[in-house]
Amino acid sequence: MVYKDGIQKEDALSSQDETKVNSNREENIADRFIEGDDAVKYWFLGSLIWFPIFATLGFILAVKFFQPYFLSDAAFLTFGRIRPAHVNGVLFGFVSSGLIGGMFWAIPRLVNTPIYNARLAKLSAVLWNFALLAGIILILFFGDTQGREYAELPWSVDVLIMLTLLLILYNILSTLGRRVEKKLYVSTWYYTATFIWFPIVYFIGNVMWRPPSGSLEGITDSIFNWYYGHNVLGLWFTTLGIATWYYAVPRMINRPLYSHLLSVISFFTIAFFYTGVGGHHLLQTPIPEWVKTIAVVMSILMLVPVITFMVNLGMTLRGSWDNFTKDIPFRFVVTGFIFYVLTSIQGSFQGLRGTNSFLHFSQWPVGHAHLAILGGFGFLAIGMMYWLIPKITRTKIYSNRLMSLSWWLAFIGFILFFSAMTIAGLVANSAWYQNITVAPVLKLLQFWYVARAMGGGMVVLAGYVFAYNTLMTFARSKEPHVEEERFHTSHEKSSRPHSNIQRRSQHAMSMPIIVVGGMSLFMLMTWMVVAMPALNLDTVTPSDFAHPYTIEEAHGRELYKEMGCVYCHSQFVRPQDWAIGRVSEQGDYYYDSPHLLGTERTGPDLSQIGGMRPTEWHYLHDRDARTTSPSSIMPPFGFLSDTELDSLVAYVQNLGTYNLSVMGFHPEVPYEYRDKQQPYTTYISAVTQNYSFDNQTYTGDEATGVEFGSIFEDGKKAYTQRCLACHGCSGNAQGPYARHVVTQPANLHERILSYMPELGESYHFWRVSEGVPGTAMPSWKLSVNETEIWKINLYELSFASGSIRTISGDISDAEAIDFSNRTNILPPINGTHDQFEMGQNIFNLYCAQCHGEKGHGDGVASILTPGGYIDPEPANFTESGGDFEYYGQYVWKVREGVETTNMPPWKYSLSDDEIYRTIFYVQNFSASDDYNAKWGPLYKDNFARNMRS
């Protein structure tokens with residue numbers, strides 16, 4: 001048989017037990033207002049009042065993303081103060097109060113016994129809300145925050161929270177000890193376990209044995225923080241939420257829970273798997289690798305309790321989905337269930353190393369958090385209050401229309417701002433993946449920030465509609481109320497026989513099994529992911545970046561924490577953050593307490609910012625960021641005193657040491673490229689030792705010279721095909737495409753001279769392989785293999801101080817004559833004025849930088865010009881016009897280039913017609929006698945024939 005509270009009574013009950021149950025049917029309290037239900041009012045009143053208030057704070061935060069001057073004239077109005085107030089208010093004020101209120105209604109009906117101490121339940125509500133209010137006031141107006149994500153409440157408030165949790169636990173256990181219904185329904189396990197597990201999580205995660213900071217030193221603190229930060233979701237909201245769904249849904253549709261066995265699986269797997277998930281927030285930080293591996297594995301295994309819960313509740317709902325449109329409290333509850341399943345699957349997905357490294361720091365994780373707290377448990381809490389307030393007050397809800405309106409506003413608004421945050425996150429992550437810095441990306445996000453605020457505004461409006469509707473219901477609670485019958489189902493009792501396993505599990509599951517089993521799994525995982533890492537990190541020593549803080553720096557760090565800078569700036573460099581500095585190490589945080597690693601990069605990472613900006617720049621930036629970074633959305637801190645600014649600047653300017661390295665004008669080579677070595681170093685070394693740059697003579701082994709020449713020519717060919725368009729034929733950033741890009745291409749002569757001696761070959765190889773963010777320099781590794789990149793690098797070394805000419809120019813001369821004799825080629829063009837002008841334009845754009853405007857070999861890049869570096873010296877075309885006897889010599893030299901010099905094989909960049917026109921123009925540099933005798937007569941047009949007459 002089935003009670004109306006959704007508890008399925010087994011067929012195995014004896015006839016005597018069945019008779020006893022029937023005889024006591026009148027004593028069942030599921031539908032009666034009983035002593036202690038007034039306590040539910042206290043919790044619900046707190047929740048429904050906090051919802052619109054803290055949602056409004058969230059809306060203010062959303063506006064600040066595109067209007068940074070909005071409400072920015074005082075410390076308590078800044079983003080960094082409002083954010084922790086909003087987060088903790090929503091977590092512990094709105095959602096927690098609503099779910100705890102639902103629990104105080106459900107437990108007496110699950111055990112058929114009034115709550116043990118109704119006054120204590122009311123006192124718990126008062127203490128809880130007083131603690132929250134005190135914490136919010138301290139954070140907002142005094143900056144009294146522990147500065148740790150989700151654990152910002154001051155230590156004194158933590159004590160009140162802990163006291164309240166223990167009082168509730170005492171009340172629950174005392175009620176269970178007096179219960180009439182001896183068999184414990186699954187919701188009871190979850191409720192009981194929540195108030196056993198969470199006080200432990202809260203105590204450990206908030207480091208309550210270290211007042212008043214509530215934190216540990218170094219990177220260890222981040223492990224404790226995120227053990228708490230994720231388990232506030234997993235072992236507080238999830239366990240409270242699942243208990244509530246397991247109670248409310250069967251009760252609402254008057255149908256038993258689908259499977260007791262699935263709920264057993266879900267319960268114990270949550271105790272073990274969820275406890276170890278927190279480390280996936282730190283996958284890119286320098287915590288021990290094995291801790292990260294546990295977090296990733298547990299994130300995947302979290303799908304087990306999620307899927308079992310989803311199947312269990314989904315199958316319970318089968319045949320009842322039409323009620324979704326009829327009953328609004330039911331709609332809220334089921335919407336929350338759907339959002340919870342989605343966020344759980346999303347959480348496992350983004351807990352993988354690859355997806356985590358891509359998605360971290362952006363608005364994507366923020367959207368994920370909102371999907372869980374507001375989408376999942378927030379909708380559930382609202383649904384429970386809409387469902388239970390009429391029962392508690394014995395009064396109809398004030399307005400069904402307002403109830404429906406609040407769902408539509410909340411649902412549409414939530415979908416809008418969740419979608420906006422998710423898309424904004426993907427946009428930012430995609431840009432960061434290309435190593436585009438934070439500041440330019442902000443411009444791409446403005447539209448989504450506005451959309452986020454619009455959606456958030458609708459949720460805020462839903463909060464006020466909900467609060468008004470429920471408060472009016474309380475105000476009119478003296479009116480008589482007869483509850484309408486809600487649903488009819490075709491089957492109140494399953495016709496399927498239970499398996500022996502399920503039958504035994506339902507009878508054998510007692511309080512000791514639940515407590516001992518759940519606690520054992522929970523404590524085992526806690527030991528693995530908290531105690532063991534703490535012991536492992538106890539031997540960490542300071543790194544070269546760590547230093548004891550001066551009094552002024554310590555004050556600045558405290559201000560940094562109080563003003564909430566940690567919510568927009570991270571302080572750790574990931575392996576993929578190659579432009580920021582070296583990858584962070586455990587010892588970097590030796591002197592830090594609390595950790596300030598951060599979870600978002602609305603602004604740039606600051607872990608190694610020391611010395612990267614002039615000191616006075618920081619003063620201007622902190623007073624009003626737009627004066628130094630026009631696209632910044634950082635709030636102005638003009639209200640800080642000069643002394644406070646001095647301290648804040650001192651702290652920031654020494655993060656990662658006060659770096660004044662003269663040659664540090666470049667990012668470090670990423671770790672995956674640092675060990676890369678030029679495979680042709682042996683050839684380079686051999687020919688360099690046997691080459692005289694003074695007389696351009698190679699005296700080494702001929703075979704080695706030929707092999708080096710072949711490698712050099714392969715690199716030159718690839719450079720001509722892929723690089724010349726931007727960097728120019730001389731590598732001086734004057735290629736034709738350089739006129740078409742916003743960011744000037746690199747001058748390879750300057751870059752190689754500046755960086756190669758210090759950074760080595762790996763730096764240049766990395767830049768070619770990965771490209772340069774924010775420029776037209778592509779990632780060549782996508783289409784070119786490593787061997788070809790190394791050949792390009794070898795060739796580009798010639799832009800430093802000249803080529804090593806291991807292949808004599810006589811060979812190129814002989815090849816040109818042979819080509820001419822074989823082909824007897826003549827000019828394929830007529831030699832018109834237009835063709836001459838085009839040839840002139842091509843020459844000036846491509847060739848003049850080496851050969852000079854007059855063709856004398858004295859271009860800006862030529863060794864003949866002060867500051868030039870192209871050596872051997874480029875050809876003097878006046879001399880060529882006299883030395884050459886055949887038109888084919890020009891064609892060969894221009895098409896094929898000249899071996900082991902910087903003369904490119906132009907056939908890989910210019911068409912034959914362009915080459916012929918350029919040759920026509922180049923022949924103009926010949927002496928008049930040479931031109932009129934040898935070159936002019938080859939053309940048909942009178943312009944060419946008479947040009948030098």
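Each position is counted from 1, following the chain as shown.
Glycine residues also receive a Cβ, built from the backbone N, Cα and C atoms like all the rest.
TrEMBL does not curate its annotations; it predicts them automatically.
As annotated by TrEMBL, region 'Disordered' applies to 1-20, 485-505. The transmembrane segment feature in TrEMBL is assigned to 42-66, 86-108, 120-143, 155-176, 228-249, 261-282, 294-316, 328-349, 369-389, 405-427, 447-468, 513-535 (among others). TrEMBL lists 45-479 with the feature domain 'Cytochrome oxidase subunit I profile'. Sequence annotations record features per position, and here TrEMBL assigns compositional bias 'Basic and acidic residues' to 485-495. The domain 'Cytochrome c' annotation in TrEMBL covers 551-656, 710-800, 834-926.
Note: the stretches the transmembrane segment (369-389) and the transmembrane segment (42-66) are in contact (3+ CB pairs below 8 A, sequence gap of 6 or more). The stretches the transmembrane segment (86-108) and the transmembrane segment (155-176) meet in space: the count of Cβ pairs below 8 angstroms, excluding pairs fewer than 6 apart in sequence, reaches at least three. Model confidence over the domain 'Cytochrome c' (834-926) stands at 95, taken as the mean pLDDT rounded to a whole number. Sequence-remote contacts of a segment are chain residues at least 6 beyond its ends whose Cβ falls under 8 Å from one of its Cβ atoms, and for the transmembrane segment (513-535) they are 184, 189, 192-193, 196-197, 200, 204, 216, 220, 223-224, 227, 235, 267-268, 271-273, 275-276, 278-279, 287-288, 291, 294-295, 298. Counting Cβ pairs under 8 Å to the domain 'Cytochrome c' (834-926), the stretch among 45-479, 551-656, 710-800 with the most such contacts is 710-800.
Contact between the transmembrane segment (328-349) and the transmembrane segment (228-249) holds: at least three of their C-beta pairs are under 8 Å, each pair 6 or more apart in sequence. Of the two recorded stretches, the transmembrane segment (42-66) does not lie close to the transmembrane segment (294-316), with fewer than three CB pairs under 8 Å once pairs fewer than 6 apart in sequence are set aside.
The list of residues near the transmembrane segment (120-143) in space but at least 6 beyond its ends in sequence, with Cβ under 8 angstroms from a Cβ of it, reads 36, 38-39, 42-43, 46, 50, 75-76, 81-82, 84-85, 88-89, 92-93, 96-97, 100-101, 104, 152-154, 156-157, 160-161, 163-164, 167-168, 170-171, 561-563. Note on the transmembrane segment (228-249): residues 5-6, 91, 95-96, 99-100, 102-103, 106, 110, 148-151, 185-191, 193-194, 197-198, 201-202, 204-206, 257, 263, 266, 270, 274-275, 277-278, 280-281, 309, 313, 316-317, 333-334, 336-337, 340, 372-373, 376-377, 380, 383-384, 387, 522 of its chain, located 6 or more positions outside it, place their CB under 8 angstroms from a CB of the stretch. Each residue of the domain 'Cytochrome c' (710-800) gets a DSSP state, and the totals for helix, strand and coil are 61 helix, 0 strand, 30 coil. Residues of the same chain lying 6 or more positions beyond the ends of the transmembrane segment (261-282) and with a Cβ under 8 Å from any Cβ of it are 186, 189-190, 193, 197, 222-223, 226-231, 234-235, 238-239, 242, 246, 291-292, 294-296, 298-299, 301-302, 304-305, 308-309, 311-312, 347, 350-351, 356, 499, 501-502, 505, 509, 514, 517-519, 521-522, 524-526, 528-529, 597, 599.
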